[in-house]
Amino acid sequence: MGKILNGKELAKLRADKLKETVKILKNDGIQPLFCVINIGDNPASKLYVRTKKRQAERIGIEEKIYQLPNDETEEDVINLIKKLNADPKVYGVMVQLPAPEQINVNHLMETIDPAKDVDGLTPSNMGRLWQGDHFVEPATPSGIIAMFDHYGIELAGKDAVIVGRSNIVGKPLAALMQERNATVSLLHTKTQNPEYYLKNADIVVSAAGQANLITADKIKEGAVVVDVGINHVNGKLVGDVAFDEVKEKASWITPVPGGVGPLTVESLMEQVVKLTRRANGR
Ligand SMILES: Nc1nc(=O)c2c([nH]1)NC[C@@H]1CN(c3ccc(C(=O)N[C@@H](CCC(=O)O)C(=O)O)cc3)C=[N+]21
């Protein structure tokens with residue numbers, strides 16, 4: 001039976017350490033502060049923004065939320081980002097995704113100062129990620145790598161499959177895992193034969209957003225299974241993995257909730273502190 005990759009516990013461990021770093025900064029008069037721009041009234045986004053705020057407060061980081069209406073124009077969001085870019089007290093700027101359809105997210109990403117890009121999603125930081133010379137890392141991929149490190153899961157030479165090619169998870173995670181010498185296949189909705197890749201994979205990361213997508217019959221005995229999915233089924237939060245059956249076949253598995261989610265939030269805080277330190281020459 002698979003062992004649990006306890007994201008919640010690891011997030012707490014890392015947060016306690018980070019809190020000490022923040023304490024030292026604060027003693028020297030440096031207050032880590034980042035801004036989250038949330039456009040519209042997506043209930044999930046509102047929940048995430050609040051979760052982040054609670055976590056930030058626990059660590060001693062200030063989070064300012066800019067809640068904008070659903071019909072906000074792209075131009076107005078760009079102007080807000082420019083204002084935050086110019087504010088020396090602000091060390092991080094991020095846009096909660098998804099954004100309403102009148103907003104071209106790429107235009108927003110092009111506007112965020114790469115030195116304040118806590119989400120690691122600006123073109124230059126995404127580019128650096130692929131060039132193997134990066135400073136910030138997108139939160140979810142960063143948390144997943146931290147989890148592999150903590151539990152001693154070796155990536156070198158392993159066949160890894162990532163299901164889902166989003167800018168916030170699949171693509172940056174592919175970059176980070178290949179940097180650790182895994183052979184990465186990035187699967188997506190047009191992949192002809194996903195079963196072919198899955199049955200050979202030593203490591204499976206599912207970020208597709210489809211409940212019960214990964215069942216026990218699809219994976220290799222002893223695979224490491226990481227579930228990034230967030231699905232609500234009959235009022236219950238579940239991932240993409242059929243947890244109960246897959247855990248019998250996997251060597252390691254993340255639960256949902258309590259797996260990747262808490263690590264995502266904690267990793268974002270790590271990036272805020274990283275950028276705060278760098279901006280202050282530390
Ligand atoms: N620019 C941007 N950056 C993001 O990092 C980002 C985003 N947009 N948009 C949405 C996704 C999703 N996301 C999560 C954060 C926390 C939990 C989390 O804490 N989950 C808890 C459970 C929470 C619950 O009970 O609903 C858990 O899995 O244990 C999950 C998912 C960040 N995202």
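Yeah, the Cβs are placed from backbone N, Cα and C, and that goes for glycine too.
A TrEMBL annotation is a machine prediction, not a hand-curated record.
What you see is a predicted model, and the numbers here were worked out from it, not measured in a lab.
Copied over from TrEMBL, here are the features:
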{"type": "BINDING", "residues": "Gly164, Arg165, Ser166, Ile230", "note": "NADP(+) binding site"}
{"type": "DOMAIN", "residues": "5-119", "note": "domain 'Tetrahydrofolate dehydrogenase/cyclohydrolase catalytic'"}
{"type": "DOMAIN", "residues": "138-278", "note": "domain 'Tetrahydrofolate dehydrogenase/cyclohydrolase NAD(P)-binding'"}
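In the predicted model, the domain 'Tetrahydrofolate dehydrogenase/cyclohydrolase NAD(P)-binding' (138-278) has a mean pLDDT of 98. Other Cβ atoms within 10 Å of the Cβ of Gly164 (NADP(+) binding site) number 23 in total over all chains. For Ser166 (NADP(+) binding site), the number of other Cβ atoms no farther than 10 Å from its own Cβ, over all displayed protein chains, is 18. Non-local neighbourhood of Ile230 (NADP(+) binding site): Ala44, Gly209, Leu237, Gly239, Val256, Gly261, each in the same chain, at least six residues away, with C-beta under 8 Å from its C-beta. Around Arg165 (NADP(+) binding site), the same-chain residues at least 6 positions away in sequence with a Cβ under 8 Å from its Cβ are Lys171, Leu186, Leu187, His188.
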